[in-house]
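Colleague: Here it is: the structure, laid out below.
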Amino acid sequence: MFKQKFRNRHPYMFIAPAVTLLIIFSIIPITIAFFISFTDLDLKGLANWSNISWIGFDNYQNLFADDTFIKSIFNTLFYVVIGVPLVIICSLGIALMLNYGSNKLFSMFRSVYYMPSITNIIAVAVIWGYLYNTEYGLFNYILSLLSVENIPWLQEPTIAKISLIILAVWKGIGINMIIFLAALQGIPRAYYEAAKIDGANRIQTFFNVTLPLLRYATFFVTVTTLIGWMQFFEEPYVMTQGGPLDGTLSIALFIYQEGFQFSEFGYAAAGSFVLFIMIIIITLIQFKLRKSDTEY
Amino acid sequence: MRKWLVLTFIVALLALSACGNEEAAKKDSGNKDDEITVWAMGEEGKLLKQLTDKFEKDNKGLKVDVQAIPWDSAHDKLLTAVASGNGPDILQLGTTWVPEFAEAGALLDLTEYMEEHPEFAAENYFDGAAEIMQYDDQIVGIPWYVDTRVLYYRTDILEEAGYDKAPETWEELQDAAKKLADRGEGHYGIDIDQNDQIMPFIFAWQNGYEANLEESKLNFDTPEFLGAMEYYTSFFKEGSSQVEQGEDIIQAFANGKKPMFFSGPWMVNIINEQAPDIEGKWAPAVMPGNETNASSMGGATLSIFHNSENVENALKFLSYMNETETQLEWLDISNTLPSKLESWEDPILQDDPMYSVFGEQLKKAKAGLQTEQFERIAQELLSALERVNAGGADLEKEIEQFNKTAQDLLEE
Amino acid sequence: MASIHSTKGKTEKTLITVLMIIGGILVSIPFIWMITSAFKPESEALRIPPTILPENPTLDNFKHLFTELNFLVYLRNTLIIVAFSFVGLLFNGMAGYGFAKFAFKGREKIFYLVLATMMIPGQVTMIPVYLLLNGMGLTNTLPGIILPGLVAAFSIFLFRQFMGTIPTDLIEAARLDGAGEFYIFFRLIIPIAKPIFAVQGILAFIGAWNSFLWPLIIANDESLYTLSVGLSLLQGQYGNNFALQMAGAAFMVVPIIIIFAFFQKYIVEGFTMSGIK
């Protein structure tokens, strides 16, 4: 009896340290930020709390009347819709390629493909800035050899978004690739052998054996990549600062500018809760879709 | 793997406890009246330590603890200090940040100490720097070092275009830029950094524009302001300046494709380091002007944090930093220009051809609008100008819209 | 993926190897540029078109780097944070296991709560977290730097996904043998889940090694700065010193490569090595 009770406590003991820390350093601060989103907190308010006043839904109303914010939502969705599938396909493809062989060369290239994600952001900005330079950039130089006219990689709002997506895909491959690699290694060889005996060809094996067995990893990669891309920030921050004409401004960058450049913390908090709710909805949809599949 | 984890855990614990002790020991000796804490930015923060030794020697018993903070993240760090009230005694602020933090009440008003410290009187500094010292009726900072935008130009290329000295008026600048841009494909007259927030204002001041903040009038609807913006955008319209982002400016300056640009004193070293080949073929010059040849006042001030418990000693340190001798030593260490007029009487600055240009320009340098909304207003203006330069929008309509937005921001 | 015996398999292997090498070189060019720029003089670092190999190689940047920084102090702080990140890793692993392999009241709700923490931009919670730490008296202390980033929802979620694939029978069998829950976790689960611990080990190391924000904000004293914070001090207000920054970046990345090379062995070792499934 006692032992039974004790056993029931186990799951809580396993999750307690992590969950406690998350509650203190994430949940409580998020709750505080939630309340901040209904106030006009700015630097003055931060210095002296008596300067803060409760303004209800004003921040939210202003947000949806703010063209820049609406534009940032549109841009963010653009990034997500194109970028997320690209990242997943590329990182899975590279993981499959690297998983093909197991000699020294292949293991060395695992590090090589991981390099983009550990390249210093300033180096990224300099090199990609050069690649994308309209006049002197490498991309336009190569295109000029094919007599294609100069492409304004970072100067035209839509093209600039695509340019940033390419950059972000390049940078985002590494981490997802190792997750897929780990998952691929978890697939027992026996399954492939069984498929072979059944006379399945490569493509059939991939779709009927590999993909289904990767679903835990794929689900994880999809959910986290979506969450990450909804908060798309670093690339426009270092490459374009949101320009040209706010064409690359993402919601997260908008929040950063409002909160940290202009010290409108209340407004920025409201913006982040709009983003928060969008992400929750998208994530819940994924979990619901996933439920139809057997989960645990 | 488990062993590995356990091992790291133990090592970490040991290391942490060792450090904890050290920290505790430090705390005991610190936080006393005899320790002055200073937050300074980036490289300056590291260099400043070279000056504190002498101060500590002259003031036995006092200790100056300088914490260097990276420029990029300084704003975040300052925010948390304001939020918690845990700040240093003295902090370095970039000129554009002063109004923002003064408005929040984070900077101690030094008015009551001015009598004791006549060395901080406004007339000791360049006018533009003295403007920055004040916010409303308070004195919130002591100018430390200053900088200002000037015109950098290639003497050899300008000479070929018929200018044996730098353009001095708006017409001359426009004419020179046009001629230089006509040299051929890929050549431009002048580089105007479209992300530089202060540049449009410099043109506006040169055209006689003034804001009237006391009556909350930004005056962006005046003909002076509009005229200046017309002038600014004309360089892009006429092809004298490149709209797209091209080569790095130093490189374009060195290869002659962009023989003129506006920038601050820090560029002198950068050009010398990155383009040693053009030594002797370039020079800084005072801004070409229209009504005036104004420029902007930049640099840094030293302020005392509002709840410093060590004001007397902090003032002592500020006073030391303000001495002409210290300012000149700092010039030598960090290559930044002194804020005090008296320092500029020194031959080092007087006789140097480059320094003297900056000295001349500094006399005509103005501070940005002293409102905490300035950064935002400037950003709005840049966006409006970008829409004109790159998007082909109508200037007058954009400026009218901008005036409305800016006025709203100010009144908020 | 498939055994290679036929000639068809051989050409295929060659093809994939070539593809891999070309792709690999292409994606790593910025990285290579970062490393080689560390050996360039400042005048060469920003040249267009960039030079891959330095024309006038120099070690000045590294000399500058090591003379300017309180190197040992920063390194010590960084290593402490790294060490603790592995404790955090253990917590994350435990939580991931808890969510994956136990049925308990509120499991779903708590898990969604955990996930929610990664859905809001970190900047928004920075000030509240700082005020909490300040209230706990943890400013200017190492725990204050370490605690906010110790556990991460991303990591818990990843553990949960992978541990979900471990057969429950195995755990039940161990329970029937009378093994305690923690014994099962340490002796059975961790060895099976080696690949995912390896992946997370790499991520935890990188995160801690590069930690920047909290060391900067919490420290009121440079004696608590980490290497990243120290390096960023070298950046001027007007963004010069590229070559020097690249030297810093190159220096920072070497340990990451070593750790990656070390841990990736375990990634490919696979679950199968333990003879399960």
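Any Cβ shown, glycine's included, is placed from N, Cα and C.
Here's the feature list from TrEMBL:
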type     : residues  : note
TRANSMEM : A:12-36   : transmembrane segment
DOMAIN   : A:73-286  : domain 'ABC transmembrane type-1'
TRANSMEM : A:77-100  : transmembrane segment
TRANSMEM : A:112-131 : transmembrane segment
TRANSMEM : A:162-184 : transmembrane segment
TRANSMEM : A:205-230 : transmembrane segment
TRANSMEM : A:265-287 : transmembrane segment
Colleague: Does the transmembrane segment (A:77-100) make contact with the transmembrane segment (A:162-184) through 3 or more Cβ pairs under 8 Å, each pair 6 or more apart in sequence?
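Modeller: Yes, these stretches are in contact.
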Colleague: Can you name the far-off residues of the same chain, 6+ from the ends of the transmembrane segment (A:12-36), with a Cβ under 8 Å from a Cβ of it?
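Modeller: Here the qualifying positions are 265-266, 269, 272-273, 276.
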Colleague: Excluding the flanking five residues on each side, which residues at least 6 beyond the ends of the transmembrane segment (A:265-287) place their CB within less than 8 Å of a CB in that stretch?
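Modeller: Those are 30, 33-34, 36-42, 45-46, 55, 59-60, 62-63, 69, 73, 219, 222-223, 226-227, 230-231, 251-252, 254-256, 258-259, in sequence order.
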Colleague: Short question: which residues 6 or more past the ends of the transmembrane segment (A:162-184) have a Cβ under 8 Å from it?
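Modeller: Residues 79, 82-83, 86-88, 90-92, 94-96, 98-99, 110, 113-119, 124, 128, 132, 153-154, 210, 213-214, 216-217, 220-221, 225, 228-229, 232, 235-236, 239-240, 248 contact the transmembrane segment (A:162-184) from elsewhere in the chain.
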